[in-house]
Amino acid sequence: MLPPPPRQPPPQARAARGAVRLQRPFLRSPLGVLRLLQLLAGAAFWITIATSKYQGPVHFALFVSVLFWLLTLGLYFLTLLGKHELVPVLGSRWLMVNVAHDVLAAALYGAATGIMSDQMQRHSYCNLKDYPLPCAYHAFLAAAVCGGVCHGLYLLSALYGCGRRCQGKQEVA
């Protein structure tokens with residue numbers, strides 16, 4: 001024999017207390033767009049270096065590009081999902097963390113761009129039309145351009161964050 005049907009419907013499940021919500025204003029903000037461009041240019045930078053034959057100081061440029069690509073990816077998703085307040089000690093100062101990250105990234109990308117420009121000049125001998133051996137000149141040229149773009153993008157986002165801070169705002173977007 002079947003039990004009688006319930007008189008009341010079962011209670012609705014509550015949304016999880018720490019539910020993840022997409023922060024749509026961040027996607028449309030200048031910093032959100034800059035972060036996406038930084039991720040694209042940074043990926044182009046380190047993929048260009050990684051696919052060429054490199055040695056010596058180029059290892060530093062590759063380290064800088066991969067490190068800041070991963071850090072930028074983390075900052076982007078923590079801000080996009082609104083979970084930056086869960087980061088111990090730094091979550092309450094999220095705008096300043098972003099500015100410090102951008103200033104450091106701009107400085108180190110500037111150094112990496114200088115390294116790639118130097119390597120490009122050192123390999124300029126093989127930039128001849130009929131040079132028969134493989135040459136990393138074009139890869140280093142592309143990496144130097146991508147590094148300069150990354151440097152500029154991080155500098156822009158640092159200036160944007162400083163401007164927001166000077167206006168008295170505490171939030172990234």
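Any Cβ shown, glycine's included, is placed from N, Cα and C.
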Message: On the question of membrane sidedness, does Swiss-Prot record Ser117 and Gly82 within identically named topological domains?
response: no
Message: Checking distant contacts: for the transmembrane segment (95-115), what same-chain residues at least six beyond its ends satisfy Cβ-Cβ under 8 A?
response: 31, 38, 45, 57-58, 60-61, 64-65, 68, 71-72, 75, 79, 87, 144, 147-148, 150-151, 154-155, 157-158, 161-162, 164-165, 169-172
Field: Distant-in-sequence neighbours of the transmembrane segment (60-80), which means Cβ under 8 A and at least six residues beyond its ends
entry: 22-23, 26-27, 32, 35-36, 38-39, 42-43, 45-46, 49-50, 54, 87, 94, 97-98, 101, 105, 108-109, 111-112, 115-116, 143, 147, 150, 154, 172-173
